[in-house]
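Data first, discussion second: the structure below is written as structure tokens.
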Amino acid sequence: MDSPYTRELQVAIAAVSAAARLSTLVLTHASGLGTVAKDDLSPVTVGDFAIQALLTSTIHAAFPQDRFVGEESADALRENPALLDRVWAVLRAIEEQLAQERSMHHDSDKKYNHLVTFPTSPAQMCQMLDWCGQGTPSASSDDDDDDDDDATDSNSRIWVFDPIDGTENFVKGLLYAINVAMLCRQDTDTGPGAAGAISQVLSVVGCPNMAGNISFPASDDSLDPSGCGCLLYGVRGHGAYERRPLLPAGYDGTAASLQQTYPPSELPWLSSLMNTTTSTTPISNPIPPSVLAPSYPGSVLLPWVLRWVLLALGVGNATWWIYKSRSRLAKIWDHAGAMLLFEEVGGQVSDADGKPINWAAGRQMVDNWGIVAAPRAEGVFDRVIGTVKQVVREKRPDLVEGREE
């Protein structure tokens, strides 16, 4: 791919590839790392912290002026020395693996292995986690007391991380994803949004246990029998690509350009039928399935990042998500970047009111309610969003914008 962000892609792909290996290490060696029967010491917690620290350290080493937004801060680690020690041990273990490979392969520079960087101490690891956990997309954080202020300087580029999307799936051995996005503030009136708006410009998503040739209908247990996974990446205006295998090294795989594989008229559906009190379920679903797609529910997955991945792969063409209350807000790391993959293959996305996504609103997407996504071609998205809004007015008038307290 020729784009203005070639270097950023190389670094992000290297980071996600290493993070994917780290995630499998956490699952494979959880018992050997001193796992105890407490929620705050579960493998997924260790994986979340360790992966976010790895991603932040690698991106910061290459682009020290850039800022970060991520799900985790280091508060839990400071309060729990045992958890801190386990996270640090996992990072050291994967760092040693990569160091051994570098010593054995003299062409590692070509494969980007050398781009992966680790925190040098538990204190620095905690600082980097805080950059993410305290970061916002709209403004830089207050300067830290540390001498290195680069990561908190005002800058138009923001990296967003979801270290493990699909927490419940991860601990069960089901599909999960590692999401990295780069957002950028626009300086001109060209491109999506107005000058000064924040847009998605780059996406790298690692799917460590999902096969690239996954087919419709897919589900959370549609695992890759080879265990190699796949990696997707894209840059705004330059398309989306799939590379496989992801493991052991995503930068060694073969890349293929992605295109929508279904005509919009067929509209394969992609949904989540998770049991939750805050979003629509099969029982309380306000949208009759026959109104939108005969294939409903189609592919059913829990993690949002993976839903965007399957839309980009053409395994699904449309999805929607309507919360039962307007106080329920989506989180930026569940959508940023991964959503761009679908847009780059012809998808269109808005919230359930038909408004564009405001990436500058904050860590939570306070300016948007729900998600609707469908192909732009042949007016499909316009018909889908029109139907969603109509049915909400008829079935749940209390959710119409401006009517709920």
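Numbering starts at 1 and runs along the chain as displayed.
Placement of Cβ uses the backbone N, Cα and C atoms for every residue, glycine included.
The DSSP secondary structure for Asp162 (Mg(2+) binding site) is strand. Around Asp162 (Mg(2+) binding site), a 10 Å sphere centred on its CB holds 31 further CB atoms from the protein chains shown. Under the heading Mg(2+) binding site, TrEMBL lists Glu71, Asp162, Ile164, Asp165, Asp334.
According to TrEMBL, the feature region 'Disordered' maps to 134-156.
Annotation comment: TrEMBL describes 141-152 as compositional bias 'Acidic residues'.
Neighbour density around each Cβ, counted as other Cβ atoms within 10 Å, peaks among the binding-site residues Glu71, Asp165, Asp334 at Asp165. Its own atom aside, the Cβ of Ile164 (Mg(2+) binding site) has 27 Cβ atoms within 10 angstroms in the protein chains shown.
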